[in-house]
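Quick notes on the structure that follows.
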Amino acid sequence: MEGTSRADGRNPNQLRPFSCTGNPLHRAHGSARWAQGDTVVLAAVYGPKQGTRKGENPEKASIEVVWKPKTGQIGKQEKEYEMTLKRTLQSICMLNVNPNTTTSVVLQVVGDDGSLLPCAINASCAALTLAGFPLKHLAVAIGCGVMRNGSVILDTTTAEEQELKSFAHLVFPHSRKAVGPKEAKQKDEDFERGLITSITHGVMSEDDYFNCMERGLAASSRISDFMRKTLGKEASSVDA
């Protein structure tokens, strides 16, 4: 199965071309446009502003996530995306640094051709970093799909997702030490073996899940390296 070609010519482990544009929105405190193939999400960070939302702990910083679909009104799926994003971002943010404040992360879907939630998580992490929000580590997300013939493919398109037996959206922690240009050669490989978020849909065996984990972790390292280089260049241009 490893050599099997997909409809767009990729092999099972091959990711679509991805890109990240730093701070395209000048009124936001930090923003990023993240693209994986034709899936594109624009993330903007506003805050921190004083005060927390009702029901939030005032002794910690609060993270608010707002999802804006490409067209139409927000539905059940988008609400689930908001909740998953909020929990994921809360886990990587240092919430004790700015207590009794709220930071808003606004996601605008520009294009959706599959693996939308992982793309949005990557965009959010990049935007928070560019906003200078204190993070414990980077969050890197990848979509893994299990085809009906049992093969596992990465970074699924919409057409592929319609044929999947099951899929997993996995978010891995990666050290952010290399974001700054002065620390570009530092690495923490042991740290990068954890898992922040795992969302599965469909019928997935234990072997399928751990296969997705192994493939996803390897792919997340490639995305992390790209994110570090991109954010490092942005940091260098700001310092200059």
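The backbone N, Cα and C atoms fix where each Cβ goes, glycine too.
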Given ranges 1-23, 47-69, the stretch to which TrEMBL attaches the annotation region 'Disordered': 1-23
For the domain 'Exoribonuclease phosphorolytic' (14-134), residues assigned helix / strand / coil by DSSP: 32 helix, 43 strand, 46 coil
Within the predicted model, mean pLDDT of the domain 'Exoribonuclease phosphorolytic' (14-134): 95
